[in-house]
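Have a look at the structure below, then the notes.
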Amino acid sequence: MTELDYQGTAEAASTSYSRNQTDLKPFPSAGSASSSIKTTEPVKDHRRRRSSSIISHVEPETFEDENDQQLLPNMNATWVDQRGAWIIHVVIIILLKLFYNLFPGVTTEWSWTLTNMTYVIGSYVMFHLIKGTPFDFNGGAYDNLTMWEQIDDETLYTPSRKFLISVPIALFLVSTHYAHYDLKLFSWNCFLTTFGAVVPKLPVTHRLRISIPGITGRAQIS
């Protein structure tokens, strides 16, 4: 093969390679990927409230969040069903009553009223105000639920839930009896027990959020 033939063959091969390159579809480059990312809408948290109004409702979890919730037992709520968990409520009430009896000048009527008030406020903060769990074992699947909503996997009318509803009602009746049915103390105990211990536990308020501007913040979302 002469030198001219070799050069001609090389030029033909180069021309064929250039044509093949122009016919190929370009592979997605970094620039095209970045442009597609820019046009993609941001992912919204499905657990955000449905509206920005004062009263809102927490939406159900996705399939992935439900799997995270069922991965391990929820230690933040399973203790409610343990042996002795019910007795501790009675012990706390007795200790509160003995504590307020130590204050001089506090009558029996007011000691029972203060006991009822302390128990109701404490249980409201514990079961209905604080959200999430102190344990990091489920990828934040419970971060938007209160302890009351976590108990028994949100199953209503379980024995534990019925007990937790009946305790403040029984304490209210005892406080009213030992307050000798004083109208002012009765009204105060009735209002506090109804809206602090009974209504938040009803099915109608399940996953319900009430946001008061300047007082309560947004629901916790991880």
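Positions of Cβ are set from backbone N, Cα and C atoms, glycine also.
Annotated region 'Disordered' per Swiss-Prot: 1-57, in sequence order. The topological domain 'Cytoplasmic' feature in Swiss-Prot is assigned to 1-85, 131-162, 206-222. For 12-23, the entry in Swiss-Prot reads compositional bias 'Polar residues'. Summarising the annotation, Swiss-Prot assigns phosphoserine to Ser29, Ser32, Ser56. Per Swiss-Prot, transmembrane segment is recorded for 86-106, 110-130, 163-183, 185-205, and the stated evidence type is sequence analysis.
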List the helix, strand and coil residue totals of the topological domain 'Cytoplasmic' (131-162) as derived from DSSP.
12 helix, 2 strand, 18 coil
Quick one: average pLDDT across the topological domain 'Cytoplasmic' (206-222), no decimals.
62
Cβ neighbour count within 10 Å of Ser56 (phosphoserine):
18
